[in-house]
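Read the structure below first, then the notes.
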Amino acid sequence: MKTLKGHLSAKNLRIAIVGSCFNQAMADALVSGTQETFLKFGGSEDGLMTIRVPGAFEIPCTIKKLLSSERKFDAIVACGVLIQGETDHYNQIVNQVAAGIGALSLEFCLPITLSIVAAPSAEIAWQRSGIKGRHLGVSGMTTAIEMATLFTQI
């Protein structure tokens with residue numbers, strides 16, 4: 001019986017990060033940790049492209065534009081920080097971004113990981129951005145690397 005499994009080696013991989021700028025300090029920390037993780041697992045600076053967009057809502061459209069271009073990637077990591085406010089706007093954005101990214105992953109049959117921090121407060125958003133605690137960018141990049149290496153075996 002054969003079992004296929006990805007591994008944590010970014011050597012020779014081409015990965016894109018599409019990160020929002022809104023909630024800038026947290027978003028910058030999220031993107032930075034994502035970039036560092038790619039390099040930590042053997043990826044090269046030439047194998048990594050980072051694209052920054054104004055907000056999380058712009059991430060799915062930017063990913064689609066990227067995937068429709070001549071450039072080829074093994075995986076994409078979507079990074080953004082959304083903090084719940086007093087209106088329903090937060091829920092609308094979170095749902096649209098997640099649905100859009102999921103649809104693109106299926107449409108293009110490409111690993112696109114969701115490193116979108118969706119938090120009820122700035123304190124929790126900081127915890128998920130890597131300043132204190134779990135870093136969603138790190139987990140998103142490690143998942144992207146594992147999935148990209150798995151897809152080369154299928």
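Every residue gets a Cβ built from N, Cα and C, even glycine.
What you are looking at is a predicted structure, and each value in this text was computed from that prediction instead of being measured.
Listed by Swiss-Prot as binding 5-amino-6-(D-ribitylamino)uracil are A56, F57, E58, V81, L82, I83, L114; the candidate from F22, F38 that the record includes in that site is F22. A 10 Å cutoff on Cβ-Cβ distances gives L82 (5-amino-6-(D-ribitylamino)uracil binding site) a total of 22 other Cβ atoms nearby, all chains included. H89 (active site, proton donor) has a Cβ environment of 11 other Cβ atoms inside 10 Å. Under the DSSP three-state reduction, E86 ((2S)-2-hydroxy-3-oxobutyl phosphate binding site) is assigned to coil, being neither helix nor strand.
Counting Cβ atoms from all protein chains shown, L114 (5-amino-6-(D-ribitylamino)uracil binding site) has 19 others lying within 10 Å of its own Cβ.
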